[in-house]
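Enquirer: Could you have a look at this structure, given as structure tokens, before my questions?
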């Protein structure tokens, strides 16, 4: 009896659970069925609005990624400049780009079921990411608000698209619906974006039923784009006709022609103007942080090494700067560009040399043979056995922004002399070091160095600001090679080879060709693929036959 009662209770519980589950499942199933198979469908197309919203979201992620985590804008810029891509940034960009590709595929396939599944995944994914993941990593709410707002905008329009159904015919680009200057320039800008036109053409071919090959598909798309551009220009000529036999107005000639002349002149002289103005107008003072000096006898270890830093580097006033004689050479500098380095006379390191090398050095100094003395800046001079080294010290040095420092010959005719002396400690440790002293004081009277040491005047060239460093780094020749010559190549293609394209550019009336292209799109959408091939063959024959092209492009009155 007990077992039978338990079985009866289990059956009742099972029936109750099944009833409750079916009570939840059946209404949901009926809801989605009615959503996907409506009795009445007001077909609409909101893909353009969703695409624009997703594009703005993509831009927010690319330029505002720092707002979606603990990183700052400087950290992101530093990582990208060091060729390091943050993992979270890469994931966000790929996911956003992937959603745009999937949305395009569903739009071309007109898959309502796929759209429903895609919508559910996006809604749950975005809200889980925005409200559960991002708050743990910190978020700047302004950028996140705009991102979330645009995501909601797309999420509201996708159900509307599902409820109304996809359009039965997707003909051409949405920018080619009207023939005016706005659509023309927007369409041209769309085609300028790298790989966007190619990616769209390939995706359309993949997810659209067609009998054409990929090359034939691209050929039709290119012809249609070219004919649309010609149609816009012909419509503009009808709206603003030019009376026959009258010269062009000065407004047109000086407005368009003058602007092109100024643009070409600016391109030709851009590198020289940029490199001249970027440092003279927007240049940043680049004072040295360390000035080092080193003397080496022949191939032995350096006998003197000294560097000047911080307090040993000091600037001059504008009045002191004007005391120099070579004022013409100094016109490209300001007083902030001059730094005086006071190098102490005693070497900052002991002279460590092995006894055999010491004996060889003494033998070399006692001989009458010349030997080389290498100072900093890799300047080599020959000297004898005297303690005075003649013509080895360049007191005035110019430090360019991109090459090795060079002596300023405009401020003196020859190098200065320096005295070298070896000093030994009084204790029994035999510690030795070298002392260097300049033989004559500075003629500028800016310093008063009485003890042993050297005075080095460094003229630092100003550098371009960091925001323009990517252009200034190329140099004049680099800018000419990378900017002027490349732009010149495209400009030359515009001004030359026109005679080869006359039969395709100078078409008086393109309405018939445009209608043939749209008819190809139409029969493709209706599934008449045999007719699609026939009409494509007709389009190719039209471009292969100049006589037929002339007949097709005559004005309707002819």
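Placement of Cβ uses the backbone N, Cα and C atoms for every residue, glycine included.
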Enquirer: Of 46-68, 161-183, which range does TrEMBL call transmembrane segment?
Expert: 46-68
Enquirer: Using a cut-off of under 8 Å between C-beta atoms, tell me which stretch among 46-68, 88-107, 116-133, 254-278 contacts the transmembrane segment (139-157) the most.
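Expert: By the under-8 Å Cβ criterion, the transmembrane segment (139-157) pairs most with 46-68.
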Enquirer: Give me the mean pLDDT over the domain 'Piezo THU9 and anchor' (44-276), rounded to a whole number.
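Expert: On average, pLDDT over the domain 'Piezo THU9 and anchor' (44-276) sits at 83.
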